[in-house]
Amino acid sequence: FPPAVFPLSCVVQNYSWGKVGLESEVAKLVASGDPLVQIQPDQPYAELWMGTHPRGDALIRDNRIPQKTLGQWIADNPACLGAKVKDAFQGHLPFLFKVLSVNTALSVQAHPNKVGRAPQPSWTPCPWGGHPAPSSSLQELAAKLHAQFPEHYPDANHKPEMAIALTPFEGMCGFRPVEEIVSFLQNVPELRALIGEVAAEQLERSGSDDPRGVSAALRVCFTRLMKSEKKFFVDQLNMLVKRVSQEAAEGKDTSGSNGDLLLRLHSQYPGDIGCFSIYFLNLVRLEPGEAMFLGANEPHAYLHGDCVEIMACSDNTVRAGLTPKFIDVLTLCEMLNYTPAPSSSKIFPAAQSQLDPNVYLYDPPVPDFTIMRIEIPASIKLYLISAMDSASILLVIHGTAVGTSTAAASEMSLQRGSVLFISANESISLHLSSPDGMLLFRACCLL
């Protein structure tokens, strides 16, 4: 039998928003996992991709295996996915596992949904060109966008994602409670000018007893903001930034204008409409181990910090600000979920496993992925990474061990930054050698 458990060497993406040099958790993990890697002190290390994405297919670090990449190996050995996963996802690994190190904000974005739960094959470019679909229904937005604008929406899949903080992590996610937005409309005249008096009053009058009315009023306000004339919003933004800067310099409290975050985002993306999104979207702060789940059509933007992230296999992102990339305001405003909710509701809870008290499960309401956080205390010297009916990818955040498996060709030394692929129904025994235990994350698909 060929080895079914093996180490991976994973691809780094050097996007400009990433943390630089060894300030980046991505860089630190890569440097620990492979001592031969040279970290460039002035280079951003934004994302580590652990999976089979064509723009970052992981390399197999086992010279007894003829296939060079994980994607090739899975294509030749689809049973490694597990019977259910292989059938449900047409022989593809259904998720992409990542580490992100965010220095400056990512764009305000949302990911389109798709119909039903039957997953599509990932990332295979469709051969057909497209025509505008007559229906404006959101049902098949991902497929429709791909058909109309294949260069901007590369596939017909959906893209839910989940982020788990490794360091204190900040992001914006989902619409704030209406009373918070109304308070900003009353305290930030520049915002009110962009939205207009009629739309602002409509939101102020909308009652909590009529959630559909609230969502409709919120949609009007957000769409008016996002579609405002470029020169007009730049003038308003400059006035706002000048006013808040002066107030801050005088030692005044600028929280009524969300001043700290405004000045930070404006310094990163001057003149960008996304700077106003802080008045609509929740600011979510995660402590290490806390997670946020981003369902389809949920507006969000990561702001700062390091996290592990997992997503369904798709490149589809609809953006509308804080970005130099393609901006599609109309689609974004049409597709968003306009349900207001407090920021505390965006924190996704981990459940301690019934079977193993060292395992915490992050199991979101989509079929594509689940993450396990495995915390092995110092008192345990032998630990079993148990078999499951799904392929999985294991990432070591800290600690050292020697791993043995009947499915591996030889012993594997594991340390911070090590990444292993584990075929379905295979287990690994870890012989721990670190004095303070281990922290691991394991990505899988629990159908």
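The backbone N, Cα and C atoms fix where each Cβ goes, and this holds for glycine too.
If you look up TrEMBL, you'll see 5-178 marked as domain 'Phosphomannose isomerase type I catalytic'. Annotation source TrEMBL lists Zn(2+) binding site at Q109, H111, E161, H300. Annotation comment: TrEMBL describes 194-281 as domain 'Phosphomannose isomerase type I helical insertion'. TrEMBL lists R319 with the feature active site. If you look up TrEMBL, you'll see 361-401 marked as domain 'Phosphomannose isomerase type I C-terminal'.
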Residues of the same chain, at least six outside the domain 'Phosphomannose isomerase type I C-terminal' (361-401), with any C-beta under 8 angstroms of its C-beta? 8, 29, 33, 50-51, 74, 80-85, 88-89, 93-95, 97, 99, 117, 119, 160, 162, 164, 166, 289, 291, 293, 295, 308, 310-313, 348, 350-353, 355, 413-447
Which residue counts does DSSP give the domain 'Phosphomannose isomerase type I C-terminal' (361-401) for helix, strand and coil? 0 helix, 21 strand, 20 coil
H111 (Zn(2+) binding site), number of other Cβ atoms within 10 Å: 25
Looking only at the domain 'Phosphomannose isomerase type I C-terminal' (361-401), what is the model's average confidence as pLDDT? 96
Q109 (Zn(2+) binding site), Cβ-centred 10 Å count of other Cβ atoms over all protein chains shown, is 25
Going by DSSP, how much of the domain 'Phosphomannose isomerase type I helical insertion' (194-281) is helix, how much is strand and how much is coil, in residues? 67 helix, 1 strand, 20 coil
In sequence order, which residues at least six apart in the same chain have a CB under 8 Å from the CB of E161 (Zn(2+) binding site)? H111, F293, L294, E309, I310, M311, A312
